[in-house]
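Colleague: Before I ask anything, let me first share the structure, which is written out below as C-alpha coordinates.
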Amino acid sequence: MDQNLSGLDCLSEPDEKRWPDGKRKRKNSQCMGKSGMSGDSSVSLLSAGYIPSYLTKDEPCVVCSDKATGYHYRCITCEGCKGFFRRTIQKNLHPSYSCKYDGCCIIDKITRNQCQLCRFKKCIAVGMAMDLVLDDSKRVAKRKLIEENRERRRKEEMIKTLQQRPEPSSEEWELIRIVTEAHRSTNAQGSHWKQRRKFLPEDIGQNPMASMPDSDKVDLEAFSEFTKIITPAITRVVDFAKKLPMFSELPCEDQIILLKGCCMEIMSLRAAVRYDPDSETLTLSGEMAVKREQLKNGGLGVVSDAIFDLGRSLSAFNLDDTEVALLQAVLLMSSDRTGLICTDKIEKCQETYLLAFEHYINHRKHNIPHFWPKLLMKVTDLRMIGACHASRFLHMKVECPTELFPPLFLEVFEDQEV
(Lines of atoms letter the chains of each structure in order from A and count residues from 1; the text may use other names and numbers.)
(Lines give C-alpha, C1' and ligand atoms only; values in the text may rest on other atoms or scores of the structure.)
Protein backbone atom coordinates (compact mmCIF):
# COMPACT_ATOMS: atom_id res chain seq x y z
CA MET A 1 0.00 0.00 0.00
CA ASP A 2 1.16 3.54 -0.77
CA GLN A 3 2.93 4.91 2.30
CA ASN A 4 1.00 8.15 1.82
CA LEU A 5 -2.17 6.36 2.96
CA SER A 6 -1.20 5.73 6.55
CA GLY A 7 -3.35 7.43 9.16
CA LEU A 8 -4.70 10.21 6.96
CA ASP A 9 -8.17 11.58 6.44
CA CYS A 10 -6.91 13.88 3.70
CA LEU A 11 -6.08 13.30 0.04
CA SER A 12 -2.60 14.78 -0.22
CA GLU A 13 0.61 15.32 1.73
CA PRO A 14 2.30 18.55 2.82
CA ASP A 15 4.94 19.98 0.60
CA GLU A 16 7.54 22.39 1.86
CA LYS A 17 8.78 23.45 -1.59
CA ARG A 18 8.31 27.02 -2.74
CA TRP A 19 5.87 27.60 -5.54
CA PRO A 20 7.45 28.30 -8.93
CA ASP A 21 7.13 31.81 -10.25
CA GLY A 22 7.54 33.30 -6.80
CA LYS A 23 4.53 31.60 -5.20
CA ARG A 24 4.86 31.31 -1.42
CA LYS A 25 4.89 28.18 0.74
CA ARG A 26 1.57 26.87 2.01
CA LYS A 27 0.51 28.88 5.04
CA ASN A 28 0.41 26.24 7.76
CA SER A 29 -0.10 22.59 8.59
CA GLN A 30 -3.85 22.99 8.35
CA CYS A 31 -3.44 22.29 4.66
CA MET A 32 -3.04 18.59 5.41
CA GLY A 33 -6.43 18.36 7.10
CA LYS A 34 -8.15 20.59 4.58
CA SER A 35 -6.91 18.63 1.61
CA GLY A 36 -9.69 16.17 2.37
CA MET A 37 -11.68 18.57 0.19
CA SER A 38 -10.25 16.78 -2.85
CA GLY A 39 -13.23 14.39 -2.91
CA ASP A 40 -16.65 14.95 -4.42
CA SER A 41 -17.90 16.29 -1.10
CA SER A 42 -16.07 19.53 -1.83
CA VAL A 43 -18.61 20.36 -4.51
CA SER A 44 -21.47 20.64 -2.04
CA LEU A 45 -19.31 22.63 0.35
CA LEU A 46 -18.28 25.01 -2.39
CA SER A 47 -21.86 25.55 -3.43
CA ALA A 48 -22.49 26.63 0.15
CA GLY A 49 -19.62 29.13 -0.09
CA TYR A 50 -17.08 27.12 1.91
CA ILE A 51 -13.55 28.59 1.95
CA PRO A 52 -10.72 26.70 3.73
CA SER A 53 -9.17 28.69 6.56
CA TYR A 54 -5.71 28.59 4.98
CA LEU A 55 -6.88 30.45 1.84
CA THR A 56 -7.11 34.20 1.59
CA LYS A 57 -10.24 35.64 0.03
CA ASP A 58 -10.29 35.20 -3.78
CA GLU A 59 -6.88 33.47 -3.75
CA PRO A 60 -6.11 32.43 -7.36
CA CYS A 61 -5.44 28.95 -8.74
CA VAL A 62 -1.70 28.62 -9.46
CA VAL A 63 -2.51 26.98 -12.81
CA CYS A 64 -5.24 29.10 -14.41
CA SER A 65 -5.78 32.02 -11.97
CA ASP A 66 -9.44 31.10 -11.40
CA LYS A 67 -10.67 31.24 -7.80
CA ALA A 68 -8.89 28.53 -5.79
CA THR A 69 -10.89 26.12 -3.64
CA GLY A 70 -8.18 24.35 -1.67
CA TYR A 71 -4.89 22.53 -1.49
CA HIS A 72 -4.93 19.76 -4.12
CA TYR A 73 -2.04 17.45 -5.01
CA ARG A 74 0.45 19.81 -3.29
CA CYS A 75 -0.85 22.99 -4.96
CA ILE A 76 -3.53 25.56 -4.33
CA THR A 77 -5.85 25.15 -7.33
CA CYS A 78 -9.41 25.53 -8.51
CA GLU A 79 -11.85 22.62 -8.79
CA GLY A 80 -11.46 22.56 -12.58
CA CYS A 81 -7.68 22.12 -12.58
CA LYS A 82 -7.85 19.62 -9.74
CA GLY A 83 -10.32 17.46 -11.70
CA PHE A 84 -8.40 17.86 -14.96
CA PHE A 85 -5.13 16.76 -13.34
CA ARG A 86 -6.76 13.79 -11.58
CA ARG A 87 -8.49 12.51 -14.73
CA THR A 88 -5.35 12.92 -16.78
CA ILE A 89 -3.27 10.78 -14.42
CA GLN A 90 -5.93 8.18 -13.60
CA LYS A 91 -6.75 7.55 -17.28
CA ASN A 92 -3.15 8.05 -18.46
CA LEU A 93 -4.26 10.65 -21.01
CA HIS A 94 -1.19 12.90 -21.10
CA PRO A 95 0.74 10.85 -23.72
CA SER A 96 -2.07 11.59 -26.19
CA TYR A 97 -2.14 15.35 -25.55
CA SER A 98 -0.81 17.65 -28.27
CA CYS A 99 -0.40 21.39 -28.86
CA LYS A 100 -0.93 23.32 -32.09
CA TYR A 101 1.43 26.09 -31.03
CA ASP A 102 4.62 24.26 -30.04
CA GLY A 103 3.68 24.09 -26.34
CA CYS A 104 3.71 27.85 -25.82
CA CYS A 105 0.06 28.46 -24.89
CA ILE A 106 -0.80 30.86 -22.10
CA ILE A 107 -3.06 29.09 -19.59
CA ASP A 108 -5.67 31.18 -17.82
CA LYS A 109 -9.33 30.90 -16.84
CA ILE A 110 -10.45 31.54 -20.42
CA THR A 111 -7.92 29.47 -22.38
CA ARG A 112 -7.42 26.50 -20.03
CA ASN A 113 -9.80 24.23 -22.00
CA GLN A 114 -8.24 25.04 -25.37
CA CYS A 115 -4.94 23.18 -24.93
CA GLN A 116 -4.76 20.09 -22.73
CA LEU A 117 -1.01 19.61 -23.18
CA CYS A 118 -0.04 23.10 -22.06
CA ARG A 119 -2.49 22.95 -19.18
CA PHE A 120 -1.01 19.64 -18.01
CA LYS A 121 2.55 20.93 -18.41
CA LYS A 122 1.68 23.94 -16.26
CA CYS A 123 0.16 21.66 -13.61
CA ILE A 124 3.48 19.83 -13.41
CA ALA A 125 5.48 23.06 -13.55
CA VAL A 126 3.72 24.61 -10.56
CA GLY A 127 4.31 21.46 -8.50
CA MET A 128 1.22 19.26 -8.74
CA ALA A 129 2.30 15.73 -7.74
CA MET A 130 1.41 12.81 -10.00
CA ASP A 131 2.23 10.29 -7.27
CA LEU A 132 -0.59 11.63 -5.10
CA VAL A 133 -3.27 10.71 -7.64
CA LEU A 134 -4.52 7.27 -6.63
CA ASP A 135 -5.79 4.58 -8.96
CA ASP A 136 -9.09 2.85 -8.19
CA SER A 137 -7.65 0.10 -5.99
CA LYS A 138 -5.56 2.53 -3.94
CA ARG A 139 -8.48 4.92 -3.63
CA VAL A 140 -10.71 2.12 -2.28
CA ALA A 141 -7.95 1.03 0.09
CA LYS A 142 -7.48 4.58 1.29
CA ARG A 143 -11.19 5.09 1.84
CA LYS A 144 -11.28 1.86 3.84
CA LEU A 145 -8.30 2.97 5.91
CA ILE A 146 -9.92 6.33 6.58
CA GLU A 147 -13.10 4.61 7.81
CA GLU A 148 -11.06 2.27 10.00
CA ASN A 149 -9.19 5.22 11.50
CA ARG A 150 -12.44 7.06 12.19
CA GLU A 151 -13.92 3.99 13.86
CA ARG A 152 -10.76 3.52 15.93
CA ARG A 153 -10.85 7.15 17.06
CA ARG A 154 -14.57 6.83 17.86
CA LYS A 155 -13.87 3.81 20.09
CA GLU A 156 -10.94 5.58 21.74
CA GLU A 157 -13.18 8.56 22.50
CA MET A 158 -15.84 6.25 23.92
CA ILE A 159 -13.30 4.53 26.16
CA LYS A 160 -11.94 7.89 27.25
CA THR A 161 -15.46 9.10 28.05
CA LEU A 162 -16.20 5.94 30.05
CA GLN A 163 -12.96 6.35 31.99
CA GLN A 164 -13.90 9.93 32.86
CA ARG A 165 -17.33 8.99 34.26
CA PRO A 166 -17.42 9.20 38.05
CA GLU A 167 -17.46 6.03 40.13
CA PRO A 168 -19.01 5.68 43.60
CA SER A 169 -17.63 7.77 46.46
CA SER A 170 -16.79 6.12 49.78
CA GLU A 171 -20.21 7.14 51.15
CA GLU A 172 -21.94 5.72 48.09
CA TRP A 173 -20.01 2.45 48.38
CA GLU A 174 -21.29 2.11 51.94
CA LEU A 175 -24.87 2.76 50.81
CA ILE A 176 -24.44 0.25 47.98
CA ARG A 177 -23.13 -2.33 50.45
CA ILE A 178 -26.15 -1.89 52.75
CA VAL A 179 -28.67 -2.11 49.89
CA THR A 180 -26.96 -5.17 48.39
CA GLU A 181 -26.90 -6.96 51.73
CA ALA A 182 -30.56 -6.08 52.30
CA HIS A 183 -31.43 -7.73 49.00
CA ARG A 184 -29.30 -10.83 49.50
CA SER A 185 -30.68 -11.48 52.98
CA THR A 186 -34.29 -11.26 51.76
CA ASN A 187 -33.98 -12.95 48.35
CA ALA A 188 -35.11 -16.57 48.68
CA GLN A 189 -32.56 -19.22 47.66
CA GLY A 190 -30.05 -16.56 46.56
CA SER A 191 -27.78 -17.72 43.74
CA HIS A 192 -28.83 -21.36 44.24
CA TRP A 193 -32.38 -20.89 42.94
CA LYS A 194 -31.83 -23.03 39.83
CA GLN A 195 -30.74 -26.01 41.89
CA ARG A 196 -33.54 -25.64 44.44
CA ARG A 197 -36.53 -24.66 42.29
CA LYS A 198 -39.45 -27.01 41.77
CA PHE A 199 -41.45 -26.95 38.56
CA LEU A 200 -45.17 -26.49 38.87
CA PRO A 201 -46.75 -29.66 37.38
CA GLU A 202 -47.69 -29.04 33.76
CA ASP A 203 -51.30 -30.12 34.27
CA ILE A 204 -51.80 -27.21 36.69
CA GLY A 205 -52.73 -23.91 35.08
CA GLN A 206 -53.40 -25.42 31.68
CA ASN A 207 -57.20 -25.36 31.94
CA PRO A 208 -58.47 -25.36 28.32
CA MET A 209 -61.32 -23.02 29.22
CA ALA A 210 -58.93 -20.52 30.82
CA SER A 211 -56.62 -20.69 27.82
CA MET A 212 -59.31 -19.79 25.28
CA PRO A 213 -58.74 -16.33 23.70
CA ASP A 214 -62.21 -15.05 24.59
CA SER A 215 -62.11 -16.43 28.12
CA ASP A 216 -60.81 -14.57 31.16
CA LYS A 217 -61.44 -17.31 33.66
CA VAL A 218 -58.97 -17.88 36.50
CA ASP A 219 -57.66 -21.42 36.97
CA LEU A 220 -58.40 -21.85 40.67
CA GLU A 221 -55.96 -24.73 41.14
CA ALA A 222 -53.08 -22.62 39.82
CA PHE A 223 -54.28 -19.57 41.76
CA SER A 224 -54.31 -21.65 44.96
CA GLU A 225 -50.70 -22.75 44.32
CA PHE A 226 -49.56 -19.16 43.81
CA THR A 227 -51.24 -17.92 46.99
CA LYS A 228 -49.15 -20.41 48.99
CA ILE A 229 -45.98 -18.49 48.15
CA ILE A 230 -47.35 -14.95 48.01
CA THR A 231 -47.26 -14.25 51.77
CA PRO A 232 -43.54 -15.09 52.24
CA ALA A 233 -42.75 -13.18 49.03
CA ILE A 234 -44.49 -10.04 50.32
CA THR A 235 -42.83 -10.44 53.73
CA ARG A 236 -39.39 -10.50 52.09
CA VAL A 237 -40.12 -7.24 50.26
CA VAL A 238 -41.15 -5.63 53.56
CA ASP A 239 -37.99 -6.93 55.26
CA PHE A 240 -35.87 -5.56 52.40
CA ALA A 241 -37.38 -2.09 52.82
CA LYS A 242 -36.91 -2.10 56.60
CA LYS A 243 -33.18 -2.70 56.16
CA LEU A 244 -32.71 0.51 54.16
CA PRO A 245 -31.67 3.38 56.47
CA MET A 246 -33.48 6.15 54.60
CA PHE A 247 -36.74 4.18 54.51
CA SER A 248 -36.82 3.65 58.27
CA GLU A 249 -36.56 7.42 58.81
CA LEU A 250 -39.90 8.06 57.06
CA PRO A 251 -43.27 8.35 58.84
CA CYS A 252 -45.09 5.05 59.27
CA GLU A 253 -47.91 6.22 56.98
CA ASP A 254 -45.47 6.89 54.14
CA GLN A 255 -43.73 3.55 54.68
CA ILE A 256 -47.03 1.71 54.23
CA ILE A 257 -47.93 3.65 51.06
CA LEU A 258 -44.50 3.05 49.54
CA LEU A 259 -44.60 -0.67 50.33
CA LYS A 260 -48.07 -1.14 48.89
CA GLY A 261 -47.04 0.74 45.76
CA CYS A 262 -43.81 -1.12 45.05
CA CYS A 263 -44.58 -4.63 46.31
CA MET A 264 -45.77 -6.11 43.01
CA GLU A 265 -43.04 -4.26 41.12
CA ILE A 266 -40.26 -5.69 43.29
CA MET A 267 -41.74 -9.20 43.28
CA SER A 268 -41.99 -9.00 39.47
CA LEU A 269 -38.37 -7.87 39.22
CA ARG A 270 -37.20 -10.70 41.46
CA ALA A 271 -39.09 -13.17 39.27
CA ALA A 272 -37.94 -11.59 35.99
CA VAL A 273 -34.22 -11.86 36.82
CA ARG A 274 -34.85 -15.58 37.36
CA TYR A 275 -36.10 -16.15 33.84
CA ASP A 276 -34.69 -19.35 32.36
CA PRO A 277 -34.66 -19.31 28.53
CA ASP A 278 -33.96 -23.05 28.36
CA SER A 279 -37.12 -24.09 30.20
CA GLU A 280 -38.98 -20.84 29.39
CA THR A 281 -39.96 -20.42 33.03
CA LEU A 282 -39.88 -17.80 35.75
CA THR A 283 -39.02 -18.87 39.28
CA LEU A 284 -41.39 -17.29 41.79
CA SER A 285 -40.23 -16.59 45.33
CA GLY A 286 -37.05 -18.52 44.57
CA GLU A 287 -38.82 -21.88 44.61
CA MET A 288 -41.67 -22.33 42.10
CA ALA A 289 -40.80 -22.46 38.38
CA VAL A 290 -43.81 -21.65 36.20
CA LYS A 291 -44.51 -21.29 32.50
CA ARG A 292 -46.13 -18.27 30.89
CA GLU A 293 -49.57 -19.86 30.44
CA GLN A 294 -49.61 -21.19 33.99
CA LEU A 295 -48.98 -17.74 35.44
CA LYS A 296 -51.46 -16.18 33.03
CA ASN A 297 -54.27 -18.66 33.76
CA GLY A 298 -53.51 -18.60 37.48
CA GLY A 299 -54.83 -15.06 37.78
CA LEU A 300 -52.31 -12.62 36.32
CA GLY A 301 -53.63 -12.63 32.75
CA VAL A 302 -51.77 -10.15 30.52
CA VAL A 303 -49.53 -9.19 33.45
CA SER A 304 -47.91 -12.60 33.00
CA ASP A 305 -46.84 -11.65 29.46
CA ALA A 306 -45.34 -8.39 30.70
CA ILE A 307 -43.28 -10.13 33.41
CA PHE A 308 -42.04 -12.86 31.04
CA ASP A 309 -41.14 -10.27 28.38
CA LEU A 310 -39.26 -8.28 31.01
CA GLY A 311 -37.39 -11.41 32.09
CA ARG A 312 -36.37 -12.18 28.54
CA SER A 313 -35.08 -8.65 27.94
CA LEU A 314 -33.29 -8.44 31.29
CA SER A 315 -31.36 -11.63 30.57
CA ALA A 316 -29.21 -9.64 28.12
CA PHE A 317 -28.26 -7.15 30.86
CA ASN A 318 -26.50 -9.72 33.05
CA LEU A 319 -27.43 -7.84 36.22
CA ASP A 320 -25.58 -8.63 39.42
CA ASP A 321 -27.09 -8.63 42.93
CA THR A 322 -26.15 -5.00 43.52
CA GLU A 323 -27.87 -3.76 40.37
CA VAL A 324 -31.04 -5.70 41.21
CA ALA A 325 -30.91 -4.35 44.77
CA LEU A 326 -30.51 -0.74 43.62
CA LEU A 327 -33.35 -1.13 41.13
CA GLN A 328 -35.55 -2.27 44.01
CA ALA A 329 -34.50 0.73 46.13
CA VAL A 330 -35.35 3.11 43.26
CA LEU A 331 -38.78 1.47 42.87
CA LEU A 332 -39.40 1.66 46.61
CA MET A 333 -38.57 5.36 46.89
CA SER A 334 -41.10 6.62 44.33
CA SER A 335 -42.34 10.01 45.47
CA ASP A 336 -45.34 10.03 43.11
CA ARG A 337 -47.36 7.46 45.11
CA THR A 338 -50.76 8.89 46.07
CA GLY A 339 -51.16 10.04 49.69
CA LEU A 340 -47.51 10.53 50.66
CA ILE A 341 -46.64 13.16 53.26
CA CYS A 342 -42.86 13.59 52.87
CA THR A 343 -42.68 13.68 49.08
CA ASP A 344 -39.62 15.98 48.98
CA LYS A 345 -37.66 13.78 51.37
CA ILE A 346 -38.60 10.63 49.45
CA GLU A 347 -37.62 12.25 46.15
CA LYS A 348 -34.21 13.19 47.58
CA CYS A 349 -33.79 9.62 48.84
CA GLN A 350 -34.51 8.26 45.37
CA GLU A 351 -32.05 10.74 43.83
CA THR A 352 -29.38 9.52 46.25
CA TYR A 353 -30.01 5.92 45.19
CA LEU A 354 -30.09 6.86 41.50
CA LEU A 355 -26.77 8.70 41.69
CA ALA A 356 -25.07 5.84 43.53
CA PHE A 357 -26.65 3.45 41.02
CA GLU A 358 -25.34 5.40 38.02
CA HIS A 359 -21.85 5.58 39.51
CA TYR A 360 -21.94 1.84 40.16
CA ILE A 361 -22.93 1.25 36.51
CA ASN A 362 -19.90 3.35 35.50
CA HIS A 363 -17.77 1.13 37.72
CA ARG A 364 -19.13 -2.06 36.16
CA LYS A 365 -18.38 -0.87 32.58
CA HIS A 366 -20.99 -2.91 30.74
CA ASN A 367 -20.47 -3.57 27.03
CA ILE A 368 -24.08 -2.74 26.10
CA PRO A 369 -24.29 0.73 24.46
CA HIS A 370 -26.34 3.24 26.51
CA PHE A 371 -26.68 0.67 29.30
CA TRP A 372 -27.77 3.15 31.97
CA PRO A 373 -30.72 4.78 30.12
CA LYS A 374 -31.84 1.37 28.85
CA LEU A 375 -31.82 0.01 32.39
CA LEU A 376 -33.81 3.00 33.66
CA MET A 377 -36.47 2.17 31.06
CA LYS A 378 -36.99 -1.10 32.93
CA VAL A 379 -38.13 0.96 35.92
CA THR A 380 -40.91 2.31 33.70
CA ASP A 381 -41.78 -1.24 32.59
CA LEU A 382 -42.01 -2.38 36.21
CA ARG A 383 -44.19 0.58 37.15
CA MET A 384 -46.54 -0.41 34.31
CA ILE A 385 -46.63 -3.99 35.59
CA GLY A 386 -47.62 -2.69 39.03
CA ALA A 387 -50.40 -0.55 37.57
CA CYS A 388 -51.74 -3.41 35.43
CA HIS A 389 -51.70 -5.77 38.41
CA ALA A 390 -53.78 -3.33 40.46
CA SER A 391 -56.48 -3.56 37.79
CA ARG A 392 -56.06 -7.32 37.48
CA PHE A 393 -56.47 -7.76 41.24
CA LEU A 394 -60.06 -6.51 41.01
CA HIS A 395 -60.78 -9.21 38.44
CA MET A 396 -59.26 -11.88 40.71
CA LYS A 397 -61.49 -10.70 43.56
CA VAL A 398 -64.53 -11.36 41.36
CA GLU A 399 -63.34 -14.70 39.96
CA CYS A 400 -61.80 -16.31 43.05
CA PRO A 401 -63.39 -17.24 46.41
CA THR A 402 -62.43 -14.85 49.20
CA GLU A 403 -61.11 -17.69 51.37
CA LEU A 404 -58.34 -18.33 48.82
CA PHE A 405 -56.83 -14.88 49.44
CA PRO A 406 -54.19 -14.78 52.21
CA PRO A 407 -54.77 -11.84 54.63
CA LEU A 408 -51.46 -10.14 53.77
CA PHE A 409 -52.24 -10.42 50.06
CA LEU A 410 -55.51 -8.57 50.63
CA GLU A 411 -53.94 -6.01 52.95
CA VAL A 412 -51.30 -4.99 50.41
CA PHE A 413 -53.32 -4.97 47.19
CA GLU A 414 -56.98 -4.42 48.09
CA ASP A 415 -56.98 -0.61 48.36
CA GLN A 416 -54.61 0.19 45.50
CA GLU A 417 -55.58 2.83 42.96
CA VAL A 418 -56.34 1.54 39.47
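One is the number of the first residue shown, and numbering goes on along the chain from there.
A Cβ is built for glycine as well, from the same backbone N, Cα and C atoms used for every other residue.
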Colleague: Need one residue: from C81, C105, the one Swiss-Prot lists with C99, C115, C118 for Zn(2+) 2.
Modeller: C105
Colleague: Please identify the range among 61-81, 229-249, 271-291 that Swiss-Prot labels zinc finger.
Modeller: 61-81
Colleague: Any residues 6+ beyond the ends of the zinc finger (99-123) with a Cβ under 8 Å from its own?
Modeller: 63-66, 75, 80-81, 84-85, 88, 93
Colleague: What other residues of the same chain, not counting C61, C64, C78, C81, have a CB atom within 8 A of the CB centroid of the Zn(2+) 1 site?
Modeller: P60, V62, V63, S65, D66, A68, T77, E79, G80, K82, K109, R112
Colleague: Please report the Cα separation of C99 (Zn(2+) 2 binding site) and C64 (Zn(2+) 1 binding site) in Å, rounded to an integer.
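Modeller: Between the Cα atoms of C99 (Zn(2+) 2 binding site) and C64 (Zn(2+) 1 binding site), the distance comes to 17 Å.
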Colleague: I want to verify one value. Collapsing DSSP to three states, which class is C105 (Zn(2+) 2 binding site)?
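Modeller: Its secondary structure by DSSP: coil.
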Colleague: For R236 (3,3',5-triiodo-L-thyronine binding site), which of the binding-site residues C61, C78, C105, C115 has the nearest Cα in space?
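Modeller: Smallest Cα separation from R236 (3,3',5-triiodo-L-thyronine binding site) among C61, C78, C105, C115: C78.
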Colleague: Roughly how many Å lie between the Cα atoms of C78 (Zn(2+) 1 binding site) and C118 (Zn(2+) 2 binding site), rounded to a whole value?
Modeller: 17
Colleague: Go ahead and report the DSSP secondary structure tallies for the DNA-binding region (61-135): helix first, then strand, then coil.
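Modeller: Secondary-structure breakdown of the DNA-binding region (61-135): 29 helix, 7 strand, 39 coil.
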